[in-house]
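Below is one structure, written out as structure tokens; the observations come after it.
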Amino acid sequence: MPPHGPNSQGGRRGGGHSSGRRGGRGGGGRGGGGGGRGEQRWWDPVWRAERLRQQQAEMEVLDENEWWNKIEQWKTGGEQEMLIKRNFSRGDQQTLSDMALQMGLYFHAYNKGKALVVSKVPLPDYRADLDERHGSTQKEIKMSTETERKLGSLLKTTQESGSSGASASAFNDQQDRTSTLGLKRPDSASKLPDSLEKEKFSFALKERQEKLKATESVKALKAFREKLPAFKMKEEFLNSVSQNQVLVVSGETGCGKTTQLPQFILEEEISSLRGADCNIICTQPRRISAISVASRISAERGESIGESVGYQIRLESKRSDQTRLLFCTTGVLLRRLIEDPNLTNVSHLLVDEIHERGMNEDFLLIILRDLLPRRPDLRLILMSATINADMFSTYFGNSPTMHIPGFTFPVAELFLEDVLEKSRYNIKSSDSGNYQGSSRGRRRESESKKDDLTTLFEDIDINSHYKSYSSATRNSLEAWSGAQIDVDLVEATIEHICRLEGGGAILVFLTGWDEISKLLEKINMNNFLGDSSKFLVLPLHGSMPTVNQREIFDRPPPNKRKIVLATNIAESSITIDDVVYVVDCGKAKETSYDALNKVACLLPSWISKASAHQRRGRAGRVQAGVCYRLYPKVIYDAFPQYQLPEIIRTPLQELCLHIKSLQVGSIGSFLAKALQPPDALAVENAIELLKTIGALNDVEELTPLGRHLCTLPVDPNIGKMLLIGAIFQCVNPALTIAAALAYRSPFVLPLNRKEEADEAKRYFAGDSCSDHIALLKAYEGYRDAKRGGNEKDFCWQNFLSPVTLRMMEDMRNQFLDLLSDIGFVDKSKPNAYNQYSYDMEMISAVLCAGLYPNVVQCKRRGKRTAFYTKELGKVDIHPGSVNARVNLFSLPYLVYSEKVKTTSVYIRDSTNISDYALLMFGGNLIPSKTGEGIEMLGGYLHFSASKNILELIQRLRGEVDKLLNKKIEDPSLDITVEGKGVVSAVVELLRSQKH
């Protein structure tokens, strides 16, 4: 038998000492350790020593040869895993782990080492089925005699309403997909009756274009256009487009590819009298890009936006029957493909920013590769800001490529060590009170927060590596932490530039809105930078209202410097012409998805070299610039060349729903055709979730509910909440909460008034134990204040963002329009859909319907509550939640919007719910094996009750499901008539369990 000493790889596979500890935390919870044997006295050294001796005596001894042979024999069989329930020491568990590793297997210890698993496939950190204490829960359902009598009476009077309604095919026949999606096809020329009319239209377009070219404003802008590198390649580009169905164009930032290439095609088609048949679509990954590029091209053509050039984004559109070139977000085009899979009448399609590898863009590329053989006349141009065109060219059958050189002035580059030396800024260690920094020794203790690049820097001998730098700089490098961005350092760098460097705008790259708002607050409080007569400070975030975003393109008055605080949206999606200085923090907020443990991880992560190159290039647009990189060069040198594509690092349920709506076969086979296919387990998880919420049936086909969810541009769970809210006459709360979850929370947390802000949020939540109710009440308060004209004061006093609330208002209106389009609400009768909009029990039940299977068990532990999920075992409430300070909950469960792994696994935006809400609106109720109860979530939740109560619950749930199915298959069904008895019974049941 080969040797198998301790091996660090065993730990990575889930084995060894770390595995045993992980299994212990996940399986048995924290604390205790006495095996449940009487009083625990671990604080008593005598008792502790005796208990440890007892545990040691109870340990079995591992016979290595015996277990090697057992595992080898099992490996040749057909079973996927071997479960070992033996009391081995941690050292023996490590030995088993090493054996498994050498055999190419996986190992994990669960339930404090009492359940050891050797597996042929990777193992998750937690297994509910192996957790004796928290793996499942048995809950007895009780009901008062009065409630039992009322429910029985209401059910008795409920008239049976026949079969479950129209078939799926009938559903398809009933729906007008164009009206459902609320999209207008950008092919208005197809309305023209005959070729003569088209010819007249083409002549008119050409005549107008020639007249505009002769105007002084267009001539002046043409002189600017001709200086762009893209202009020099105009003829080569147009020839390539005419001769090839697919062309891949890479171009450095500032070369003009985004504004000029679509315009070249438009000008050529109109000049060649093909304007009537010309229908160009150019996709952009972000709303602001679609608007800004369309505006720029309109100006260069001497037109107003919405004439020959327009845009369409969610909630906003500027276009007309004259529009021949339409800029839209990738999501808008994907929804167009649902109603028009062949992109009828589209002549040219340009997909910009493909280098970003967003999920929508990768999804679109799969569709387009399948579409091209059916549309040989369609011309596809893929545009990338980085020189990685070969990968895209290969994907599209070795299509030709073209590179446009950049047009930038020289940009000096300063890394952290140079910035510190030049600015003489001192980074303080944590001992000095600056929470952003920390000594290298103390940082090494916080292993959980480390990444590989930070570890790489910590292993460097600072005094040796940076011996040419001053001692002050070396001390600062010792204190610097890569774990989080030092906002004080960013502020100091901006101040250094403004005091000592020449004029020009400053562009600062941060990871998200929290850092932008913190830095904005610091700048406003800074005695020098806070002077608004000298400095114009503008935040730039992808989710900001478009009106606010447009300000960043305007040049400030003389003697006033513009400072833009941005996320990675400013890397390549937009161009701010007057930037001379870039301050790069080196990170971007990026979601990764742990498919094995079914949890999203949201942490700022280091960017790629390609992104760093893009950021640097923003500084050389108008003159020689400087890029201040606030991280060491050794970290930059270790950056990956490109970021991971989004499709392989995020949950896929919304994408999978879109795939089914396109009717392109199975989800797995479709995604296997991606440029870089996602992990098969991530795909399985998404399909499983869609089946759990009822969007897909057992054979992976869309259900009637799934078809409706496809029409709502939100996560499937949020879409389901909207539909259930409309059906159960609770539509206003559903609209508000859905808008907040789909966009962002309106609550802001100022750094120096965090406690007051938390208190304001708790005030809105009241005694509901619900973040969702807090969102709802905050919006309702804003709406009331707006009616009185004092919404600004209301937002200021309650720490709310008026910008976010206005966007929520717009999204509510959009969701209401969509619900109206598919027949779920009649906007002329709002009261009919809001009978229960102020009933907290019904609102909680609607939340349960939408958020299931995101369920947490609340288990009392003395004077506090511990929280457990099926996938991960013990979790924590996010500190920003109103429930973070609640010690004891009166109801046994929480439903939550998302769980995210940062420093710990947190659940965000949670609501305390009752047994009855879960039983009526959760997943399928499965009779237990004994026949004395019912189960949910694959047996994770068990409910027992008397025979009469069980039968009553199952009867009512059956009526609820029947009513939901009828309404979903026939949205015109009047619930107030057809389902009055069922709804009344549900309300009665929910109200009976008030806390």
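Even glycines carry a Cβ here, placed using N, Cα and C.
Not measured: the values here are computed from a predicted model.
Here is what Swiss-Prot records for this protein:
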BINDING   G251, E252, T253, G254, C255, G256, K257, T258  ATP binding site
COMPBIAS  25-37  compositional bias 'Gly residues'
COMPBIAS  161-170  compositional bias 'Low complexity'
COMPBIAS  171-181  compositional bias 'Polar residues'
DOMAIN    238-405  domain 'Helicase ATP-binding'
DOMAIN    484-663  domain 'Helicase C-terminal'
REGION    1-42  region 'Disordered'
REGION    156-192  region 'Disordered'
REGION    429-450  region 'Disordered'
MOTIF     352-355  motif 'DEIH box'
- [ ] Starting from each candidate's C-beta and looking 10 angstroms out, tell me which of the binding-site residues T253, T258 has the most other C-beta atoms.
- [x] T258
TODO: List the residues of the same chain that sit at least 6 positions away from E252 (ATP binding site) in sequence and have their Cβ under 8 Å from its Cβ, in sequence order, or write 'none'.
DONE: P229, A385, I404, P405, G406, F407, T408, G617
TODO: Over the domain 'Helicase ATP-binding' (238-405), work out the mean pLDDT and round it to an integer.
DONE: 92
Task: Set of same-chain residues at least 6 away whose C-beta sits under 8 angstroms from C255 (ATP binding site) - done: L228, P229, A230, I404, P405, G406, F407
Open item on the list: Would you identify which of the binding-site residues G251, G254, G256 has the most other C-beta atoms lying within 10 angstroms of its C-beta?
Closed with: G251
- [ ] For the motif 'DEIH box' (352-355), give the DSSP counts of helix residues, strand residues and coil residues.
- [x] 2 helix, 0 strand, 2 coil
